[in-house]
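Taken from TrEMBL as is:
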{"type": "DOMAIN", "residues": "8-35", "note": "domain 'C2H2-type'"}
{"type": "DOMAIN", "residues": "36-63", "note": "domain 'C2H2-type'"}
{"type": "DOMAIN", "residues": "64-91", "note": "domain 'C2H2-type'"}
{"type": "DOMAIN", "residues": "92-119", "note": "domain 'C2H2-type'"}
{"type": "DOMAIN", "residues": "120-147", "note": "domain 'C2H2-type'"}
{"type": "DOMAIN", "residues": "148-175", "note": "domain 'C2H2-type'"}
{"type": "DOMAIN", "residues": "176-203", "note": "domain 'C2H2-type'"}
{"type": "DOMAIN", "residues": "204-231", "note": "domain 'C2H2-type'"}
{"type": "DOMAIN", "residues": "232-259", "note": "domain 'C2H2-type'"}
{"type": "DOMAIN", "residues": "260-283", "note": "domain 'C2H2-type'"}
Amino acid sequence: MHCGDKPYHCRLCNMSFSHNNYLVVHQRTHTQEKPYKCCQCDKAFSTKSKCIFHQITHTGDKPYQCNQCDKAFSYKASLVSHLSTHTGEKPYQCSECDKAFSQTTSLINHQRTHTGEKPYQCSQCKKAFSQNITLKKHQSTHTGERPYQCSQCDKAFSEKTNFIKHQRTHTGEKPYQCNQCDKAFSYKASLVSHLSTHTGEKPYQCSECDKAFSEKRRLVSHQRTHTGEKPYQCCECDMAFTQNKNLKIHQRKHTGEKPYECSDCDKAFSYKYGLVSHQRSHTRILGKNSSNIVNVTRLS
């Protein structure tokens, strides 16, 4: 075999390999075959090495210690990746753009945005994805599985990341700090949105009018004023709305929910404007009582 020869071709994508066993392992990304099963749990893996690495999670052994902080890791690769948070080093440079990465796996995943390669195929609907993690997220739409159950409420999630984000609604944790002011946020997306209030940047331009937005979701919502689309349908009546928040407000007519409580009496209201209007009645009464007190004082 000559150097650089790759005679083993995948029939499902355009990848080629120098050895047949590499092709066999690669094809499992298409077939989802996982012949190596963990003897400690129900997880299975496409390669023997991945199975061996996984089994360390059961022993709890973390022999790779960071010399910059007190963190330790089960795998050397995890330590190497972590060290970049201290050094900021990104040695893996993309040849197509100016992006660089601290891990070779991150570079490989990124390069698929240029090549369009999608080696991870769903066995249920044949959709393909550029990353295995994206495939796993997609597969939950078929199984409906939600293994991550919140201990504070009845919500459950198919993805651990969404579960962790949800828990912040209970804990009040706000790990994303703005470096321009003292505000902090529970979600990274909220911080990114907030930063535009400092920069004034509005990169999302409407193609129908001259309005621009700091967030893509706000542009999408605005575009419905042009298209007339109302995707949020009330299940109790025939009303539909352009935004989910407007649907939730409307549904209070059916549920009788009154989340706006007056701090001066026991009245509650379905809508904020109702509470604001009501609170003026307390202000007027207080003003009249104050006038009476002043008058009595003057007479005495």
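Any Cβ shown, glycine's included, is placed from N, Cα and C.
Counting C-beta pairs under 8 angstroms (sequence separation of 6 or more), the domain 'C2H2-type' (92-119) fails to reach the domain 'C2H2-type' (176-203), with fewer than 3 such pairs. Each residue in the domain 'C2H2-type' (232-259) gets a DSSP state, and the totals come to 12 helix, 4 strand, 12 coil. Residue counts for the domain 'C2H2-type' (120-147) under DSSP (helix as H, G, I; strand as E, B; rest coil) come to 12 helix, 4 strand, 12 coil. Secondary structure of the domain 'C2H2-type' (260-283) per DSSP (helix as H, G, I; strand as E, B; remaining residues coil): 12 helix, 4 strand, 8 coil. Taking H, G and I as helix, E and B as strand and the rest as coil, DSSP gives the domain 'C2H2-type' (8-35) the counts 12 helix, 4 strand, 12 coil. For the domain 'C2H2-type' (204-231), the mean pLDDT of the prediction comes to 89.
Same-chain residues lying 6+ beyond the ends of the domain 'C2H2-type' (176-203) with a Cβ under 8 Å from its Cβ atoms: 165, 168-169, 212-215.
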